[in-house]
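> Features from Swiss-Prot:
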type	residues	note
BINDING	Gly10, Ala11, Gly12, Lys13, Gly14, Thr15, Arg127, Thr136, Tyr137, Gln199	ATP binding site
REGION	30-59	region 'NMP'
BINDING	Thr31, Arg36, Asp57, Leu58, Val59, Gly85, Phe86, Pro87, Arg88, Gln92, Arg160, Arg171	AMP binding site
REGION	126-163	region 'LID'
BINDING	Cys130, Cys133, Cys150, Asp153	Zn(2+) binding site
Amino acid sequence: MKLVLMGLPGAGKGTQAEQIVEKYNIPHISTGDMFRAAMKNNTELGKKAKSFMDNGDLVPDEVTNGIVRERLAEDDAKNGFLLDGFPRTVEQAAELENILSDLGTELDAVINIEVDKDVLMKRLTGRWICRTCGKTYHEIYNPPKVAGKCDLDGGELYQREDDKKETVENRLNVNMKQTKPLLDFYSEKGKLHSINGEQDINDVFVDVEKILASF
């Protein structure tokens, strides 16, 4: 079973990825893990990726695609995999098709976890952290007993810059703009399966299982 998992930040992709790889016994292949492994193993492509990252530059597609090609050719990916964080563009998606074709296979499905932007905003902007002990709270899902104070030590709760409304909204807008052409690409190929990510976590996975039952 060869899958790509998509979803905006806060959609619950990580949770579903864990359940998919456990149930179907396939490797979870994320872009970050691939880069780290290539750099740790000191491969030629790993060295190239490191030089770009050390300079604060984006790793170009030819390097990223090469690292993906090397990873998907490994033995543990022969019977299936879950790709997470790749492809990010239509160009990368087209190259993924070429890579899989060269390996004598193709994608089975692209699963997109859909969550309304307003719901994502609530999920992502609700996090507060204790300045003293670092305990994390959420305004909706795990609120403190007294607003603005830690239950454990009464420490002041603060919000990281990354969790502030303006930052989160900007991140979501950028992601939505990037993702739309990719969703259209896979929809035209008949590979796209969208799931309601606003349900309970277990119900989301039930929907995933229904899709994967046909493969």
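Backbone N, Cα and C atoms are what each Cβ position is placed from, and that goes for glycine too.
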> Please average pLDDT over the region 'LID' (126-163) for the predicted structure.
96
> Taking only the Cα atoms, work out how far Asp153 (Zn(2+) binding site) lies from Gly12 (ATP binding site), in Å, as a whole number.
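Asp153 (Zn(2+) binding site) and Gly12 (ATP binding site) have their Cα atoms 30 Å apart.
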> From the Cα of Arg160 (AMP binding site) across to the Cα of Gly10 (ATP binding site), what is the distance in angstrom?
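Their Cα atoms are separated by 16 Å.
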> For Arg127 (ATP binding site), identify the closest of the binding-site residues Thr31, Asp57, Val59, Cys133, Cys150, judging by Cα separation.
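Comparing Cα positions, the closest of these binding-site residues turns out to be Cys150.
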> Going by DSSP, is Val59 (AMP binding site) part of a helix, a strand, or coil?
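It is coil.
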> In the region 'LID' (126-163), how many residues does DSSP call helix, how many strand, and how many coil?
3 helix, 12 strand, 23 coil
> Taking the centroid of the Cβ atoms of Cys130, Cys133, Cys150, Asp153 as the Zn(2+) site, which other residues of that chain lie with their Cβ within 8 Å of it, listed in sequence order?
Arg131, Thr132, Gly134, Lys135, Asp151, Leu152, Gly154, Gly155
> Around Arg88 (AMP binding site), which of the listed binding-site residues (Gly12, Gly14, Cys130, Cys133, Tyr137) come within 10 Å, judging by Cα atoms?
none
> Just to be sure I understand the packing, how many Cβ atoms besides its own are within 10 Å of the Cβ of Gly14 (ATP binding site)?
12
> Through the lens of DSSP with three states only, how would you label Gly12 (ATP binding site)?
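Its secondary structure by DSSP: coil.
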> Within a 10 Å radius around the Cβ, which one of these binding-site residues has the most neighbouring Cβ atoms: Thr31, Asp57?
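Answer by Cβ density within 10 Å: Thr31.
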> Using the structure shown, find which entry in Cys133, Cys150 (the binding-site residues) has the sparsest Cβ neighbourhood within 10 Å.
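The binding-site residues Cys133, Cys150 were compared, and Cys133 has the fewest Cβ atoms within 10 Å.
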> With Cys133 (Zn(2+) binding site) as the reference Cα, tell me which of the binding-site residues Gly12, Gly14, Asp57, Phe86, Arg160 is the closest one.
Arg160
> List the Cα distance (Å, whole number) between Val59 (AMP binding site) and Gly14 (ATP binding site).
23
